[in-house]
Each structure stands twice: as C-alpha cells, then as structure tokens.
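> Supplied in structure tokens, the structure appears directly below.
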Amino acid sequence: MTLERNVLLGLGVLAALLPFAVTDQYLLHLAVMALFYAILANSLNLVVGYVGEFSLGHTAFLGTGAYTAALLSVNAGWPMWAAVPAAGLVAALFGLGIGAITLRLQGPYFVIVTLSFAEVLRIIANNWIGVTNGPMGLAGVGQGGIADKRVFFAIVLGLAALTFYLSYRFVYSNAGRAAVAVRENRYVAQSIGVNPFGSAMQAFVLGAFMAGLAGGFYAFYISFVGPEVFRFSFMATIIIMVLMGGKGTLVGPVVGAVIVTLLEEYLRELQELRLSLFGLIVMAIVLFLPNGLMGFIARRREQRGDAPSLSPAIEERTV
Amino acid sequence: MTALPTQRHGGEPLLRAENLTMRFGGITAVKQVGFSVGPGEIVGLIGPNGAGKTTCFNMLTGFYTPTEGRVFFKGADVTSHKPHAIARLGLIRSFQKTNVMKRLTVFENVLTGHYLEGRQSLLATFFPGERVRRAEREARESAAAVVETMGLARRMNAPAHLLSCGELRLLEVAVALAAKPTLLMLDEPAAGLNSHEALLFGETLKTLIGKVVQSLLIVEHNMELVMGVCDRIVVLNFGQMLAEGEPREILNNPKVAEAYLGKAAA
C-alpha cells in the first residue's frame, strides 16, 4: 500500500522533471503518448484487475470521450479545459448504461457483449455522417495553437496524476476492498453484505470516466478523431500493457504503458512483424508471468522475505 | 405442515422459517420445514447426507428463493430478498465448501469482512475526511482483534491459500464475525477438524454468544460438537422435519437413530 504510493509519487516526480531535461519534440511526443496510455491502462485495470471481468470494449469509452471533446470543440468551440472533463462525464454516462447491461453477465458472456458495444459504436461513428463526418473523421480539434509539446505533457501529467489519485483512493478504500471481494469470491462477497452488481458498477463507471478523459485529451493532442479510436487494435495495445505490467496493481499499468509505448515506437521498422512479436510477448507473459511484472517482483520479495512455508508447488497452483 | 416450536425465550424469535419448500424440477429437496432461532440460542440443524440442510441455509440467506414458505428475520419478511440485502440486516452465513478469498492474507480477509461498517459515499472515498480515516483505523484494529479471537494471530499476514484446513475454517468464521452478525449461520464449520480441534472449536463458539453474536445456527456432522454446544436441535431427513428438541431428547429419539443407523433388527 505505502510502497505502491511511494513508487507512484516517485514516478510522478520523475515525470514532472522530464520537460526540464528533454526538449526534443519527438521524445516529448513519446512521453505524452506513454502517459496517455498509462491513464488508459489504469482505467482498464480497474475493470480487469479489480472487478475481475475482462472487458474487450474499453475503447467504447475512449472513443466516446474523444468524439465528445472533438464535437464540442469543432461545433461549439469549447476550449480544452472544458471539453476534456465533459468528455470524461459523457463516457461515465455511457459506462453507466453499458455497465447496467454487461455487468449482469460474467466470464465469456461479459467479454463478448462489451466487445460488441465497442463495435456498434465504431459502426455508428462510421455511418452517422451528419454528426461524426463518417470515415473522414473530425479534423481541426482545438486549434488553439499550442505548439510546444511541453504544454501537452504538463496537461497529460496533470490528468494522469488525477486519475491515479482517484484509483489509489478507490482501490485502498472500503469500496475497493468490496470490489476485490467480488473478484475473489462472489459468494463470500454477498454473504458479508456486498452487492456484487453495485460494487462492480462503481469500478466500471470510474474506469469509463478515466478512459473518457484520456480520449478527450487524445482528440485535442492529435487534433483529429476518426472511427479508428473504437478499433480493436487500440484495445489490444491497452490489454498488453495491463497484462505485462500486472493487473490488480496500480504501478503495473504505468510500467506496461511505458514499455509498450517504447516497443511500439522502436519496433516500427519491423512493420507488420511488430504485431506478431506482440502476440508472442503476450503468450510469454501469460505462460511465465501470469501476474505481470509487478506480480513477479512481489513474488520475489515474498520469497526473500518471511514466508518460509511458501513451496513453489503451491505458488504455481494458485497463480 | 410442521407445527412451530414453542418459544422458550418468549417474544418474537430472531429467525423464523415457515413451511419452507424447495423443488428443483421434479425433485423436492426440502418439504414444509419450519423452525425458529430465538435470541441467545445455539440451534443445530442435523441430518444424514442429502437431508436438505444446505438447501435450507441457502433459502434462509437468499441464495435460493423458496418454492413455498416464508422466512422472517427480526420480524421482517425477507423471503426472496437478495443475499447482500439479508446480510445487511445482520444475518451472516458461512459456506460448506470452504469459501475465503484465497489470494488475500488472513488480515485482509477479515478486514474485507468489515465492509458494512465502513460503507461511505464515493465523495468520501476520493476525499476521505477525518471520519473516514477514523473508521478505517477502527476497522483495522477490529480486524486484528477478530483474528486474535479466532486464534489466528500467528498467521495474520499469511496468504489464505497457505492455511491448513482447520485454520481455513477458523478464518471463515472470522470473516463472518467481522461483518458483525446478529445471527451467525455456520455450514459444517468443523468439517476436516479432528475431534480435539472440534471440541476447542465448540468452546470458541460458545464464547461468542451474547458477546459477539446473539444467536448461532449450525449445520454439523460432528455429533460431539453438536451435542456439546447446541441448546436445541432440529433433525432433517429426506427434506422433511424428523424431530426437534434438546440434545438429550434427540439422542434418545428412536426415529433419529433409525435415520442415521437404519432400522434395528426385530
């Protein structure tokens, strides 16, 4: 608990110092994308790691947020500071609606239905040309003339700080413990008075809100939003980040986001081979590090620490 | 219909089951069972395997909706309420198949059990004030105390999956106690304990009455434990009430002996 908080604070301080050391626009772009992905991975982790259900439709909230911000900016001229929070709120509303349907399902049913919601939204974005401009997308979002990437970096760092603060508070609260109880054992959770549906809904809507914020930021940063924000490849990237870093931890998604962002960038020369490599990496993680890098580190600490009865056999069986 | 038992403690019983019937398709698992648990009582629910004891538990706690009959808790009709809603009224149960949160530590399991006491608004979750911080501190202290009461202090920070069978049983009771039940229902809490451990466990249970919980309802196969602990025993056989009474009466009841051991040779 305190360890996780201190690591997050440390990473935050390091990130805050970054613009003073780095002025290269390309490197700053990478840093902005890494933080953007960290927010997304963190929001997905609330669902995957704390509710314990695997959502494949998280891009629904990213896309909703991005379109909300883009529409408000292009059509109504809203500035960034107003459009991004609005994007989060609209995505949270979508989370409430989609959660009300999907959270009654579990396991593979939940996976499929969340995926279909993202697909339906993609098709709507593609075809509702009057509003979304169809496949052409919405261009020229927030032409406020922010040229320096350091400004964007400061904004995304602020958003990341906010979302990680909210996640930290949630995860280590009574409500977060209830969500974990539902993940670990639905029957026990009910027998101690936890409403599984309501508890999952809190985490789900919180995750949707954060993904919406990230989407809103993305719209302003790229200054263009098209239907591809709902695409599955986006989803795949976020999943890899959460799995690699370690689901059910707060530091994990950050670590995963940074590693995957850098990998994506520096493997770009390998073109299509990049995706195959990603597939292999995911398989390796699932096989050898089922709890991600953070899970691996935690286990090493445990083994060196005061758990003498920890036999490898038991440990393997339970992970 | 089975007649309601006479109340020895007077007044409204804490839990009252009336005419409970549960049918799964063509099979009647429980048929017209009625009994009650009064304040301060330890009641045992016994019967051979498949008698419908766990089905009764599931109906009383909302995990099953009875086909017929009603359940009253603290005078209110709770039939077909959701499990968490019944738990919030103070009726907390454990499960036959040991059910704990295996990847959490003993302390975390019990701390999670304090959920109902620490419920708060989302705003308070994100911006905890002094009240929330105090509640959190108290929950942590109380969790440590409950772990100690159940004799698990030595295993406080061990993950639950490393516990022995007996320790898991204790942990399960500890999690249930953490939810501050008025009536605690335990489904075979001594399964897997040896007879010495079971006796100690029974002593621990007796100390809970009046201090931590008002009443206990226990499903148990260990007769020594049941006879030593319970004030009153309800016997089920093939889903129906066979007998009800004090431990001594039950021991000397020929119908009960027959259900367990078969008919005596003529």
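Placement of Cβ uses the backbone N, Cα and C atoms for every residue, glycine included.
TrEMBL annotations: computationally assigned, not manually curated.
Heads up, here are the entries from TrEMBL:
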| type | residues | note |
| --- | --- | --- |
| TRANSMEM | A:33-52 | transmembrane segment |
| TRANSMEM | A:59-78 | transmembrane segment |
| TRANSMEM | A:84-103 | transmembrane segment |
| TRANSMEM | A:110-131 | transmembrane segment |
| TRANSMEM | A:151-168 | transmembrane segment |
| TRANSMEM | A:203-222 | transmembrane segment |
| TRANSMEM | A:234-263 | transmembrane segment |
| TRANSMEM | A:275-298 | transmembrane segment |
> With the transmembrane segment (A:84-103) as the reference, find which of A:33-52, A:203-222, A:234-263, A:275-298 contributes the most Cβ pairs under 8 Å.
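Counting Cβ pairs under 8 Å, the winner is A:203-222.
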> Based on Cβ pairs under 8 Å, which of the stretches A:33-52, A:59-78, A:203-222, A:275-298 lies most in contact with the transmembrane segment (A:234-263)?
A:33-52
> Tell me, please, if the transmembrane segment (A:151-168) and the transmembrane segment (A:33-52) are in contact, taking contact as 3+ Cβ pairs under 8 Å between residues separated by 6 or more positions?
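Yes, these stretches are in contact.
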> Counting only CB pairs under 8 A, let me know which of A:33-52, A:59-78, A:110-131, A:275-298 has the most with the transmembrane segment (A:203-222).
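So the stretch in question is A:59-78.
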> With a Cβ cut-off under 8 Å, give me the same-chain residues at least six positions beyond the ends of the transmembrane segment (A:110-131) that come close to it.
53-60, 63-64, 67, 71, 98, 101-103, 226-227, 229-232, 235
> Which sequence-distant residues neighbour the transmembrane segment (A:33-52)? Criterion: at least 6 residues beyond either end, Cβ under 8 Å.
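That would be 15, 58, 61-62, 103, 153, 156-157, 159-160, 163-164, 167, 170-171, 176, 179-180, 182-184, 200, 203-204, 206-211, 213-214, 217-218, 221, 237-239, 241-242, 245, 247-250, 252-254, 256-258, 260-262.
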